[in-house]
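Novice: Before I ask anything, here is the structure I am working with.
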Amino acid sequence: MTTSLSERKTVSAKPFLKWAGGKTQLVPNILSLINSQISQDCQFNYIEPFVGGGAVLFSVLNNFSSVQKVIINDINPDLIRAYNVIKNNVKELIVKLKQIQQDFYELKNLEEQQKFFLDKRIEFNSRSCDDCLEKTVLLLFLNKTCFNGLYRVNSKGLFNVPFGKYVKPLICNEENLLAVNHHLQKVTILQGDFVQTLNYANNKTLFYFDPPYKPIKKTSAFTSYTKENFNDEEQIRLKEFIDRLDQAGYKFILSNSDLKNFDSDNNFFDDLYKNYNIQRVKARRNINSQGNNRGEIWELLINN
């Protein structure tokens, strides 16, 4: 029996796709920081300029009834298109995802599945960005069936992750898509540079920043969520933006890699954010271009 949209109010939402840098493991630490900055009964606005897969977003929506306005942003157009489709056209999306899931399940072997995957990858890269629904169907299919759930594009902006060889991956999670749809009704969705989010702040606003992480070693350099890289200059530009927020009286939390994992003398973030609170927390990598290269590392949580 399918639950109607109006009955989703008590259902918790979770990320609808895998996303490199997902914050599921850090959510308890981040929620604790939010609690220390915003009292439970205090109404506030929440802004997330690098929303990614939305692990923190959905945790905030699930746990803080006092949040009034929610603003999310990301520079990745494919990702933001998916958020908009789920918010505005979830029923059609579910129908089409169920069909592509059935088509995929009916294939006889991995060879046929790989050909199907590669055909859909070509279609995704060639389809017009104006076709929002079909583009999102393909994005979610590729995300659930590609290697390690990775989103990566080349210098031309083309998705190039290989086939993942998973046995019957869940491509259409109808219950979660409906829950996400319900929660997104109170969310304003933006696409573009992070600085535009300042236009939506007021005196009771909390920002959470989860930018593309600075690589902790040369071999882990992965920031290819878009064809533009988020380099050191961008990290510094972000810090200068955060200084503006702090001076204006807004609260913020930022997460990033701890460069001291592999170089104890690397003080890039310690120096950059020396005027703020820096906390080191343990996390395990969820997504890596090498699936077997996963382990416990330290990450940074920074706040004012």
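Counting begins at 1 with the first residue displayed.
Yeah, the Cβs are placed from backbone N, Cα and C, and that goes for glycine too.
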Novice: Looking at TrEMBL, TRP19, LYS23, ASP74 are annotated for S-adenosyl-L-methionine. Which of ASP210, ASP232, ASP243 sits in that same site?
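Specialist: Site partner of TRP19, LYS23, ASP74 for S-adenosyl-L-methionine, according to TrEMBL: ASP210.
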Novice: In whole Å, could you give the widest CA to CA gap in the S-adenosyl-L-methionine site formed by TRP19, LYS23, ASP74, ASP210?
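Specialist: Largest Cα to Cα distance for the S-adenosyl-L-methionine-binding set is 15 Å.
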Novice: When DSSP states are folded down to helix, strand and coil, where does LYS23 (S-adenosyl-L-methionine binding site) land?
Specialist: coil
Novice: Residues with Cβ closer than 8 Å to the Cβ of LYS23 (S-adenosyl-L-methionine binding site), same chain and 6+ apart in sequence?
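Specialist: Result: ILE30, GLY52, ALA55, VAL56, ASP210, SER255.
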